[in-house]
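This report concerns only the one structure given below.
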Amino acid sequence: QQNLPQRYIELVVVADRRVFMKYNSDLNIIRTRVHEIVNIINGFYRSLNIDVSLVNLEIWSGQDPLTIQSSSSNTLNSEGLWREKVLLNKKKKDNAQLLTAIEFKCETLGKAYLNSMCNPRSSVGIVKDHSPINLLVAVTMAHELGHNLGMEHDGKDCLRGASLCIMRPGLTPGRSYEFSDDSMGYYQKFLNQYKPQCILNKP
């Protein structure tokens, strides 16, 4: 951490119509949940000297403006096109994460592009609202953001002290999670190789 420079991620979270309906159209419940999730994510990223702040939350109460389907790859592709063509024209932010209540094939909980932070089309991830426990959804979103920041998967049994590693494949329910040394190394390599500019400025 000592060697990692201070960086700032301005995050947009979009909650789809399925999430809106799942919480009985209660915007306050969704807002509170997303704010708590991003707070937890920010806590995880402190060890990497990254501030993650929620700069915009969109809740789609009407028709979803992008194609959300059981194929996570197609949904991720659709979100990327939407970010590039629509979102960036309205809000110049660093990354967008889609929170959806759809059932993806193969029990997928999330998906994201690797090494893509700051890229207009591919600085995106999708996360299934798969648990009532905020911590577990936060781990999934932190994991997808990790891919955007260059992190590959850890081993399936990876631990850091008593904590489970955030970049394990799949999700093991637990009480505490941290980034592994390998994850920090991948992130350092991403910074050196891609030199992402959008995360330099304070929100």
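Note: Cβ is positioned from N, Cα and C throughout, glycine not excepted.
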Legend entry - Further binder of Zn(2+) named by Swiss-Prot next to HIS143, HIS147, taken from the candidates HIS130, HIS153: HIS153
Legend entry - Cysteine of CYS118, CYS158 paired with CYS198 via disulfide, per Swiss-Prot: CYS118
Legend entry - Coarse DSSP state, helix versus strand versus coil, of HIS147 (Zn(2+) binding site): helix
Inset, instruction - Tell me, if you would, which residue among HIS143, HIS147 (binding-site residues) has the fewest other CB atoms within 10 Å in the structure shown? - result: HIS147
Inset, instruction - Can you figure out which of CYS118, HIS147, CYS158, CYS165 (the recorded positions) comes closest in space to ASN201 (Ca(2+) binding site), comparing Cα atoms? - result: CYS118
